[in-house]
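Pulled from Swiss-Prot, these are the features on record:
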type     : residues                                                                                                       : note
BINDING  : CYS240                                                                                                         : Mo-molybdopterin binding site
BINDING  : ARG776, ALA777, TYR778, THR779, LEU794, VAL795, LYS796, ILE797, TYR798, GLN810, MET811, THR812, SER860, THR863 : FAD binding site
COMPBIAS : 10-20                                                                                                          : compositional bias 'Basic and acidic residues'
COMPBIAS : 63-110                                                                                                         : compositional bias 'Low complexity'
DOMAIN   : 617-692                                                                                                        : domain 'Cytochrome b5 heme-binding'
REGION   : 1-128                                                                                                          : region 'Disordered'
Amino acid sequence: MEAPALEQRQSLHDSSERQQRFTSLILPNGVGCSSREEPQGSGGLLVPHNDNDIDNDLASTRTASPTTTDFSSSSSDDNSTTLETSVNYSHSSNTNTNTSCPPSPITSSSLKPAYPLPPPSTRLTTILPTDLKTPDHLIRDPRLIRLTGSHPFNVEPPLTALFEHGFLTPQNLHYVRNHGPIPSSVATPPATINKEEDDSLLNWEFTVEGLVEHPLKISVRELMDASKWDNVTYPVTLVCAGNRRKEQNVLRKSKGFSWGAGGLSTALWTGVGLSEILARAKPLTKKGGGARYVCFEGADQLPNGTYGTSVKLAWAMDPNKGIMVAHKMNGENLHPDHGRPVRVVVPGQIGGRSVKWLKRIVVTKGPSENWYHVFDNRVLPTTVGPEESGEKTEEMERVWRDERYAIYDLNVNSVICEPGHGEVVSLRGDEGAGTYRLRGYAYAGGGRRVTRLEVTLDQGKSWRLAGIEYPEDRYREAQDGEELFGGRLDVSWRESCFCWCFWDLEIPLSELRKAKDVCIRAMDESLALQPKEMYWSVLGMMNNPWFRVVIHHEGDTLRFEHPTQPMLTSDGWMDRVKKEGGNLANGFWGEKVPGAEENVVKEEPVKEISMVDEKVTRLITLEELRQHDGEEEPWFVVNGQVYNGTPFLEGHPGGAASITGAAGQDVTDEFLAIHSENAKAMMPTYHIGTLTPSAPAALKSSSTSDPALSDPSRPIFLQSKTWNSAILTFKESVSPDTKIFHFALSHPAQSIGLPVGQHLMMRLPDPAKPTESIIRAYTPISDGTLERGTLRVLVKIYYASPTEDIKGGQMTQALDALALGKAVEFKGPVGKFVYQGRGVCSVNGRERKVKRFVMVCGGSGVTPIYQVAEAVAVDDQDGTECLVLDGNRVEGDILMKSELDELVERAKPMGRCRVKYTLSRPGAEWEGLRGRLDKTMLEREVGEGDLRGETMVLLCGPEGMQNMVREVLKGMGWKDEDVLVF
């Protein structure tokens with residue numbers, strides 16, 4: 001049977017029917033103001049309304065009284081957040097001085113504007129409790145959906161709220177993509193800025209440099225000066241490249257976090273066109289200059305350096321592309337989350353190109369070498385999986401750097417917003433004879449217009465056209481010279497489309513009740529069409545298959561189910577189908593295909609590693625266990641099973657103390673928390689029996705049998721077999737992702753009791769599982785033998801990095817979130833190395849004498865290295881030579897640099913200590929070594945193995961670095977006993 005032809009329907013954009021359905025709510029000049037005669041409105045919207053709702057909507061917007069909405073669960077909650085809705089715009093120089101009403105943001109002699117103005121900004125007065133635990137401490141809207149936990153701040157608005165606000169999104173509901181903390185210099189919430197801080201932000205400068213004839217340095221104050229720069233205003237829809245990624249993650253986990261369909265927002269941006277700025281700088285495109293790209297760099301300090309990216313110079317110089325350096329958003333100064341005080345806005349391209357907190361614009365011959373440009377915002381071939389993408393091979397490096405895979409222009413995309421997820425429509429009586437109006441949004445990239453939106457109720461056998469409304473076109477009708485928010489409205493001459501559009505289609509309920517689902521697809525003016533099938537890629541970006549909403553027929557109602565919901569919730573038809581065994585990649589959304597062989601997808605069971613020897617049947621009493629609680633033959637218990645650690649005293653990476661300290665104890669929590677799967681697989685070798693049924697409880701009750709060990713007045717804090725508490729008193733930030741945590745010991749005269757070169761164990765309750773603990777080993781930066789009353793621990797905080805599929809450090813994030821005044825438990829010392837001073841050290845209890853230490857470290861691995869180097873440097877009688885090789889990616893990653901440099905100065909008279917820093921991604925001004933700690937560098941700086949055994953290599957850093965260094969040193973003739981890994 002021939003499929004019905006596409007329903008031919010006049011575009012409602014120009015029809016009278018459309019004008020009845022869509023109402024433009026225009027911002028009022030204010031209650032009682034006579035200078036303009038617009039109706040009182042709440043702004044923002046060319047929003048589709050039901051015909052019978054128009055009068056109610058207009059009536060409801062005629063009030064200018066502030067409203068307060070309490071989003072707390074109880075009115076008595078001290079942590080509740082109050083939101084005040086009010087009109088608060090920045091104005092042009094002819095601002096109305098009548099303070100009884102808001103002045104108009106529009107400057108012209110024309111009548112009232114026919115284009116949308118922003119909704120009233122929402123004033124939030126309280127920092128949310130979750131943000132008090134992060135480095136940002138910013139006031140944020142509690143309605144925003146957090147996609148990566150509390151930090152970093154990556155959020156999207158609820159789809160319903162986003163759509164209901166219409167064409168323009170309030171600043172407080174605009175989606176946010178932050179890779180790390182907000183730069184501290186701009187993190188003060190705008191509502192609390194004092195004059196001094198405001199001036200400092202107006203004095204914020206960014207540079208234009210590189211391959212230009214006239215380098216520039218421009219302050220925000222200068223940028224806003226109409227006598228110096230042509231400020232313009234126009235609307236732009238920003239879209240995260242990960243919008244709709246959750247759908248890809250359900251099919252197959254990508255390396256990115258789960259955006260829903262709300263990863264986009266639209267605002268009126270005010271600033272100066274990048275083409276004008278570059279025209280003054282004059283890029284050197286000829287005479288051997290070769291300028292082809294424009295790189296942007298922000299002020300945020302991240303694990304991989306500052307955030308930066310690039311676009312092609314030809315685009316940046318094209319006024320029609322509309323790339324802007326913006327300082328206002330919806331008439332307001334930028335919020336810190338949106339780039340305060342100045343940012344780049346790149347219309348039609350993914351949001352990742354619009355760099356926030358702008359500090360540098362650099363004209364170059366090639367694309368940006370910034371880590372975030374190379375290893376983010378790419379659609380790699382679908383054959384590249386998560387494991388392969390992380391391989392450190394030349395081939396994989398080449399794939400990542402292939403500019404063909406970089407994402408610039410957005411692709412065409414569309415979403416069904418109404419019906420919403422979980423919405424129920426009644427079919428009872430007269431209601432069932434009516435219609436339902438499907439509504440949603442669509443967008444395209446590169447300035448291209450969405451030219452059609454098609455809807456199918458039969459899974460693509462037939463299609464019908466929806467009407468499309470383009471609110472952006474209303475700005476093209478503005479009169480020449482009209483200003484908005486201090487910038488010339490710069491839209492009328494453009495052919496490009498920078499914004500989303502709205503579509504709608506009336507469907508008889510009688511047809512919906514026969515359908516299994518509703519699918520939509522959009523096409524842009526280049527005839528690019530949304531595909532039916534998903535193109536999965538390892539970063540999960542640019543997902544744009546047909547948007548499908550399932551219809552559930554439940555008696556006399558219809559219930560609608562969207563594909564997914566943002567975050568980690570398993571809500572939506574995709575998760576449901578997957579759990580039912582459906583194959584989401586079968587081309588039919590996981591449904592069973594008539595005539596096709598059923599292919600049930602089963603989840604792989606989690607493989608548990610056995611830690612017992614099944615042949616061992618011996619029962620061990622508590623008395624027997626206690627006979628082995630010393631150093632001679634240490635036994636310990638894990639999960640009720642008894643293990644003999646004696647054979648592994650020599651080989652344990654943490655030294656014999658790690659085992660003898662556990663002797664006679666149940667160390668289940670500690671063992672499972674810190675040991676790898678490989679370590680667990682080794683355990684059957686040391687398994688000797690099972691505790692008798694009554695022994696575990698008795699062992700637990702006797703764990704604190706010696707009161708002297710926990711006596712707070714004892715002179716030494718650390719105990720090898722007992723956990724003792726210290727109070728967190730202060731967190732000292734030393735870099736964006738590193739802090740020194742200060743703890744108060746039991747009394748001011750108490751020493752830590754940690755020999756040089758040893759570590760301690762730290763234990764915290766797991767916030768996600770209160771009945772479980774997190775345990776990790778750390779090396780304090782305190783002097784473990786001399787310092788009294790306090791304990792200082794330097795910790796690099798591994799924040800969640802969704803782009804790289806990293807959940808973040810369990811311990812470090814929990815420690816960072818811990819409130820001051822809370823207790824943390826410690827135990828120790830542990831470790832196989834002790835430096836006794838003046839060249840004497842011991843390894844696993846065996847003493848040896850050295851004349852030279854070569855210490856290789858990276859990142860927070862510097863802490864045990866610093867301990868040893870300090871012990872050498874502060875003792876004028878210690879003639880041991882020290883060479884420290886500290887390798888990092890960027891200069892901001894170097895920890896304790898000033899302390900290490902001070903040690904060098906202190907030991908300078910005898911020239912005993914040298915420190916060399918090397919960076920794999922150095923900045924232009926870096927004067928130290930460049931490159932990785934590789935074979936070439938180790939051969940040059942360390943040399944061949946010392947056959948006399950008078951030199952030791954001490955090594956601490958990331959596992960990959962440690963393995964590489966050990967392998968290289970082995971090839972250079974270094975013996976295993978001369979290379980020690982902390």
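Note that Cβ sites are derived from N, Cα and C of the backbone, with glycine treated the same way.
Structural mapping of features recorded in Swiss-Prot.
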{"residue": "CYS240", "record": "Mo-molybdopterin binding site", "DSSP (3 states)": "coil"}
{"residue": "ARG776", "record": "FAD binding site", "DSSP (3 states)": "strand"}
{"residue": "LEU794", "record": "FAD binding site", "DSSP (3 states)": "strand"}
{"residue": "MET811", "record": "FAD binding site", "DSSP (3 states)": "helix"}
{"residue": "SER860", "record": "FAD binding site", "DSSP (3 states)": "helix"}
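In this structure the C-alpha atoms belonging to SER860 (FAD binding site) and CYS240 (Mo-molybdopterin binding site) are separated by 33 Å. Cβ environment of TYR778 (FAD binding site): HIS759, LEU760, MET762, VAL793, VAL795, THR863 lie under 8 Å away, each six or more residues apart in the same chain. Comparing ARG776 (FAD binding site) with CYS240 (Mo-molybdopterin binding site), their Cα atoms are 36 Å apart once rounded. There are 22 other Cβ atoms within 10 Å of the Cβ belonging to LEU794 (FAD binding site). Here the candidates are the binding-site residues LEU794, LYS796, TYR798, MET811. The one whose C-alpha lies nearest to that of CYS240 (Mo-molybdopterin binding site) is TYR798.
The record assigns ARG776, ALA777, TYR778, THR779, LEU794, VAL795, LYS796, ILE797, TYR798, GLN810, MET811, THR812, SER860, THR863 to the FAD site; their largest pairwise CA distance measures 20 Å. Its own atom aside, the Cβ of LYS796 (FAD binding site) has 19 Cβ atoms within 10 angstroms in the protein chains shown. Just so you know, the Cβ of SER860 (FAD binding site) picks up 23 other Cβ atoms within 10 Å once every protein chain is counted.
There are 24 other Cβ atoms within 10 Å of the Cβ belonging to CYS240 (Mo-molybdopterin binding site). Each residue in the domain 'Cytochrome b5 heme-binding' (617-692) has a pLDDT score, and their mean in this model is 81. Cβ neighbours within 10 Å of MET811 (FAD binding site), excluding its own Cβ and spanning all shown chains: 22.
Taking all protein chains in view, 19 other C-beta atoms sit within 10 angstroms of the C-beta of ARG776 (FAD binding site). All protein chains shown were included, and the count of other CB atoms within 10 Å of the CB of TYR798 (FAD binding site) stands at 18.
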